[in-house]
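Written below as structure tokens is the structure these notes are about.
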Amino acid sequence: MTELRQRTVREEAPPEDKELESEAKIDGETASDSESRAEAAPPPAPIDDTPEVLNRALSNLSSRWKNWWVRGILTLAMIAFFFIIIYLGPMVLMMIVMCVQIKCFHEIITIGYNVYHSYDLPWFRTLSWYFLLCVNYFFYGETVTDYFFTLVQREEPLRILSKYHRFISFTLYLTGFCMFVLSLVKKHYRLQFYMFGWTHVTLLIVVTQSHLVIHNLFEGMIWFIVPISCVICNDIMAYMFGFFFGRTPLIKLSPKKTWEGFIGGFFATVVFGLLLSYVMSGYRCFVCPVEYNNDTNSFTVDCEPSDLFRLQEYNIPGVLQSIVGWKTVRMYPFQIHSIALSTFASLIGPFGGFFASGFKRAFKIKDFANTIPGHGGIMDRFDCQYLMATFVNVYIASFIRGPNPSKLIQQFLTLRPDQQLHIFNTLKTHLTDKGILTSALEDE
């Protein structure tokens with residue numbers, strides 16, 4: 001009887017409800033089928049992407065030692081490439097960061113296409129790259145306006161773009177949003193929204209973090225090189241300690257990670273950070289911020305180093321004096337900050353790698369790509385760097401950066417004469433009330 005009543009109710013349902021129900025059923029089946037296919041698909045067989053030269057040279061070794069040598073040789077090659085781009089200067093570094101960002105975005109988006117079988121979705125590959133372009137235009141436009149204000153104000157096209165930058169950025173994004181809505185297809189609603197969310201989360205993780213890397217670089221190359229080097233050092237030393245002494249598993253997401261590697265990497269990274277900071281703090285090309293020189297029409301890295309990069313004498317605590325035999329030590333204040341950077345790189349930074357490991361396990365893949373033999377994709381090498389970039393940016397804003405008089409003067413000079421005069425009179429009154437202006441005139 002109950003069954004008959006339910007059947008009658010379904011038959012009496014309005015045609016609109018039936019249509020919506022059938023659409024939901026079709027769409028639900030499509031998405032669930034896609035998800036079940038993704039879950040049921042076996043993990044792809046690992047591809048041996050090792051160069052043939054290394055394969056022949058290491059053919060007599062066991063797979064464990066062969067992997068060790070392959071990773072070691074290619075790690076040295078990447079470190080050598082890192083030194084070369086540092087030598088070429090900050091502008092080349094910015095271009096490399098941009099290229100890394102695009103490659104990381106490509107790797108993550110490609111995983112989404114493969115997992116959800118979404119290559120046939122209309123416009124979506126185009127829209128993914130369009131949103132990447134929009135977000136980069138917004139972030140890099142903000143950076144150029146902020147750090148190269150004089151250059152922007154001098155060139156009429158740049159001045160107009162700077163004035164309406166946020167409106168243009170919003171218009172570009174809104175165009176992409178409307179294109180996405182117009183591309184929605186009846187049988188793929190849920191799948192399309194999956195990929196829309198996937199794209200935006202990828203933009204948040206990749207583009208935002210790379211933007212912070214650029215900001216750190218503008219504060220001085222030392223704020224770019226030391227954090228990245230600390231992450232690289234921790235990755236290498238944790239692998240070395242784990243390879244030779246590892247016995248105790250650290251986390252289930254990464255079965256090869258061990259406590260011995262984690263702890264050994266921490267101490268090695270702190271010592272490395274102190275030594276690298278000491279060496280780099282003595283060179284102006286590393287400690288000075290990147291600025292635009294109006295006279296030479298070029299970007300310069302030259303300044304009078306701040307107190308942060310001048311040797312100072314510190315008293316050693318009494319407990320340690322009996323151990324080291326010294327009462328004082330001369331070091332750069334930046335070295336103290338480097339302890340915080342290296343500690344984060346070795347204790348918290350690896351969680352970026354654990355997050356990436358969980359992501360890859362969720363979708364049953366070994367690496368993000370096969371770009372670097374023995375190392376995986378570019379994202380596999382930069383999973384910890386993005387987390388580190390955010391920390392460094394927050395650290396600089398919280399403990400290092402103060403008011404910037406040059407930027408304030410640049411903005412002051414762009415005001416109308418009456419506005420400049422008002423600010424001048426207000427500042428004069430303020431300094432006179434404090435007795436600073438009067439005493440300065442008396443000294444003259």
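Glycine too: its Cβ is placed from the backbone N, Cα and C atoms.
A quick note: this is a predicted structure, and the numbers were derived from the prediction, not measured.
Going by TrEMBL, these are the annotated features:
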COMPBIAS  1-38  compositional bias 'Basic and acidic residues'
REGION    1-51  region 'Disordered'
TRANSMEM  68-88  transmembrane segment
TRANSMEM  94-116  transmembrane segment
TRANSMEM  123-140  transmembrane segment
TRANSMEM  167-185  transmembrane segment
TRANSMEM  192-214  transmembrane segment
TRANSMEM  220-246  transmembrane segment
TRANSMEM  258-280  transmembrane segment
TRANSMEM  334-356  transmembrane segment
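Long-range contacts of the transmembrane segment (258-280) within the same chain, counting only residues at least 6 positions beyond its ends with a Cβ under 8 Å from a Cβ of the stretch, are 222, 225-226, 229-230, 233-235, 237-243, 245-250, 286-287, 331-332, 334-335, 337-339, 341-343, 345-347, 350. Against the transmembrane segment (94-116), stretch 192-214 shows more Cβ pairs under 8 Å than any other of 68-88, 167-185, 192-214, 220-246, 334-356. Of the recorded ranges 68-88, 167-185, 192-214, the transmembrane segment (123-140) has the largest number of C-beta contacts under 8 angstroms with 167-185.
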